[in-house]
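Accompanying notes for the structure given below.
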Amino acid sequence: MLNLLVLALPLLVSLVHTAPAPGQALERAGIVGGKEAPGHKWPWQVSLRCLDQYWKHFCGGSLIHPQWVLTAAHCFGPEKADPLYIRVQLGEQHLYYQDRLLLVSRIIVHPNYYDEVNGADIALLELEDPVNLSSHVQPVTLPPASETFPKGTRCWVTGWGDVHSGWPLPPPYPLKQVRVPIVENSECDMQYHLGLSTGDNIPIVRDDMLCAGSEGHDSCQGDSGGPLVCRVNGTWLQAGVVSWGEGCALPNRPGIYTRVTHYLDWIHQCIPRES
């Protein structure tokens, strides 16, 4: 990694995670137990790139407005990242084959973010120019604040990350998808306490988080920040942002996502109404 990127992006070490140590909470987001996504099924899917000999994919994201991308704060860390060294790719099915990289003018990390396990793992990227929308490039709809995404709701997570812990996605680097069920927060928190010394009265899964996944079907390391979407009354809504978890697709360890409804006010404050 270039020295300038070490300074600008202190948490890009997540790019080189291998198999996680037991009990270790890690950044997420490859696809385990899934399959290649049909072409342009997810037109809001974003690949974030940093300069490391080439513009290398390091995180996912979602287009939520013609000029704004939603992603995870841990992709950048609590320190201010320099948008000069970040690019965005939209409308791509396979990484690196037809790159048309877009410039980023601003990176906004949530002010309460410290690390992903403590919540507020959410960030916004403002593009230098609005994108031209098409059948291949469309923003995803944000949910209403009242949407709870109840237990058992079947949703989809997408990304270009590891296909198993420590097993990177092989060429031709297709976008992967997997269907995952929503797990109730209280149940997810109970599962994460199993085998840990953390007291049951100390929450692991917080109110601003959302759990989804089952054994053999999950997100994984290498593509954090990507979208978890659920179809509600015929409309795809972004329920979560891929955040963290223990291992990949392990029993009693669902993937943990930033709950988008918890941060709707912050998102709307950051994105000017006239933009």
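Glycine is no exception: its Cβ is also placed from the backbone N, Cα and C atoms.
On a predicted model such as this, the values are computed, not experimentally measured, just so you know.
Between C59 and the candidates C50, C75, Swiss-Prot annotates a single disulfide bond, the one to C75. Within the set C188, C220, C230, Swiss-Prot assigns C188 as the partner of C211, by disulphide bond. The record in Swiss-Prot lists a disulphide bond between C230 and one of C155, C270, namely C155. When the disulfide-bonded residues C75, C155, C230 are compared by the number of other CB atoms within 10 angstroms of each CB, C230 has the fewest. The secondary structure of C230 (disulfide bond), as reduced to three states from DSSP, is extended strand. Look at C155 (disulfide bond): DSSP puts it in a strand.
Following the DSSP three-state reduction, the secondary structure of C211 (disulfide bond) is strand. Inclusion criterion for the recorded positions C188, S224, C230: a C-alpha placed within 10 angstroms of the C-alpha of C75 (disulfide bond); this criterion is met by S224. Nearest in space to S224 (active site, charge relay system), taking C-alpha to C-alpha distance over the recorded positions C59, H74, C155, C188, is C59.
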